Structure formats: C-alpha cells, structure tokens
C-alpha cells in the first residue's frame, strides 16, 4: 500500500480524524460538511486544521457560542450559587445599601466603616456627609441676624432707660429690676449663638444651662416687678401691715430663690450626666448628624418645666394685679408676655420631639428668640414709645392720674413707695451667682 503504519507505546495507532459539521439547509434537511482535520502524524502546530468560514454555528450568525452558564458578576454585586446547578451557574446579587464589592465575581460583599458610605453603584466607600447647623445655612443666617438685631435693640432700650432714668415712667417701674431684666434679655438673645456652629465640648456643656439660668433670671425679674407693685398697692390701704414687706429684700429674695433652684438643676445635670458632642450615624441614612447629646432628657425637661412653672406663676400674679391703678400697673403687658412665652414653649414640645438633627436645634433657637422677644416687646416697647414720642405722658401728674381723691392719694403713696424703696445691689448679686455657676462648670473634670 506504500503507507507507513506505526503504533504508540500504548499500542494505539496515530489519530487521524476528519472534523465534520452539520449544516441545516433551508428546506430543513441536514448536510454533513468536512470543515477540518486532526492528524497526529503532522508536525507540532500543524496537527489541527480548521476552516472557520465553513463552520455553521448554532447561533445562526457565524458567531462562536460561549460555553458559560452565567456571566461574570461586576463590582457592586456578589455571586449566589443556583441550587442543583454546576458551580459555573450563579446569580449576581446587588450588594446591600451599606456594603460594597470591589472586584469581579466576588462571593461576598463587605461593609463600610461607620463613618463611610457606599457610592451609588456600591463599588467603593466614600465619606458620609456631616450635618450640623452651620453659620452658612440660610436658616442659621436668619436666626443669627434676628438674635443680633434683638440684642442691639435691647441694648438700645437699656441705654434709653439709663439716659432717662430720672423721668417718671422709668422711676415708677423699679429701675433696678428694669435694668436687670434688660441685661438678662440681652444675654438671652445671645444664647442662640451657642447653639449654632459645629458642636464642641464647651458649647455642649454650657448652652442649655446658660440659657436656662439667664431665662429664669428674666422671668423671675418680671415676677419680682409684679410682686412689688402688688405689695406696694396693698400697702397704700389704711391699716394694712404690708409695708413691712416693702424694700429691696423681697425682690432680691424672689430672684435669688428662683435662680438658685435653676442653678441646682443645671449643676446637677453637669455633674451627673454632662452633655457632650456626638457623631450620630443612626438618625439618617448616609449622613453623620453632628449634635450635642444632652445625656439626660429628664434634667433637660426639668429645666424647661421649671421655666414654664415660673412663667405660669408670673402670669397668675399679673392676672391678680389687673385691678391695680393702670398708670402704675404693668400687669396687662406682663400677662401678654407670659402668654406668648407659654404659647411658644407649649408649641415647642411637639415640634422639638418630632424633629431631629439641625432642625431640632433650629426649633429651640426659635423658641428662645420668640419668648425673649415677647417679653421685650410687651413690657418695654410701650414705655419706649412714651419716652420717645409722647413725653407729655412721661410725667408724675399723668402717672398719679385724674380719678377720685382717694385714688390720687393712693397714687401719691404708691409713687413714694416705688421711688424710694427700690435701691438694692441685686443686679450685682445675680451676676455673681451666675459667674459662680460658670466657674462650677469649668471645674468639672473633663472626660
């Protein structure tokens, strides 16, 4: 035959195969076509010959089919095996909201750190947005501007009263208490500045206590003014022994006791559970809420509740004083200011509890400004108007009134009592108490 035949060490002849391809014709019949050859006798690299153009693939488009069960899972997905299928068959499951995968065909997703967050396709961790009430936000700008505006307005009214301290309307309304009230309102309008900006250990420690003590100082000054007018008017009646309660001791003691109780609450708060700055990652998804953790809600609401209690007492005393002579009586304006105070803080409770983060801080700042402005406008705006635009009403004769002889007599006695029994260094006493509070806060061990 002229053909060499040999066998390999296993006794097998060399392989020589034709590669056949089934072609389906247009009429549906099958034609077998030789598209290549495999011959072991050929040299290395030439053993396999294929005519690729002659092959008809199952795709029908001349494309080579891919022998895979499932496509690769891109970054941001993980592989999940299909039950009862080979290992190459799997589903691609997107990583959950807090996890990422950085490579192809990863079997597991990995969580980001507490202060990072996956990007939009879960392929890498990016820093979370840090949220707090910064000075550059529109609401902060409005609140800061309002606080500074009211502060300067209060300073202006205080200067107006100091310049006109010898006029009848200033003398008749207890100058010392008036100066103390205006000073405390000035500081109260500055308190919101402790709430705005990045929370720090100092601001978190002092902001609530400072506001609480200063505002109690304001409300107790209003209460002391009303009590003094009530006592002074009752002392004008014949045979009344209320004169022994007149003098600087009653308002000084009233303010001291009211402020001292609030000081005890605030100092107990700072000593037992001091507020601290906190980066809260649980409130909002993908956002770090940078806030002051008040540590003790019980003491916070005790402080606010005590303020509300004093406002209620001031309101009741002012209501009881409604029948006193109008020209000496501030009861109507004090009643309005305490109604505004109570309305603001009653509305504050549900608004405060239903908000979080920087909006919770904004609600409290609004409450501070609104209640302080209510006292300033209701009590001092009418007097400032008379001093500036109606000087003819700023006289002793107008304050004594034109009623009956008995009423004028009462007015003269009341005038003497209010003018000559109001000197007391209580302003300095309250300032010393407040600085004692600040020093006690500074002496707290830093954690």
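Just so you know, glycine gets a Cβ as well, placed from its N, Cα and C.
Ranges compared are 102-122, 333-353, and TrEMBL records transmembrane segment for 333-353. Feature annotation (TrEMBL): of 56-82, 245-271, the stretch labelled transmembrane segment is 245-271. Among the ranges 176-197, 396-417, the one that TrEMBL lists as transmembrane segment is 176-197. For the domain 'G-protein coupled receptors family 3 profile' (139-396), the model's average pLDDT works out to 85.
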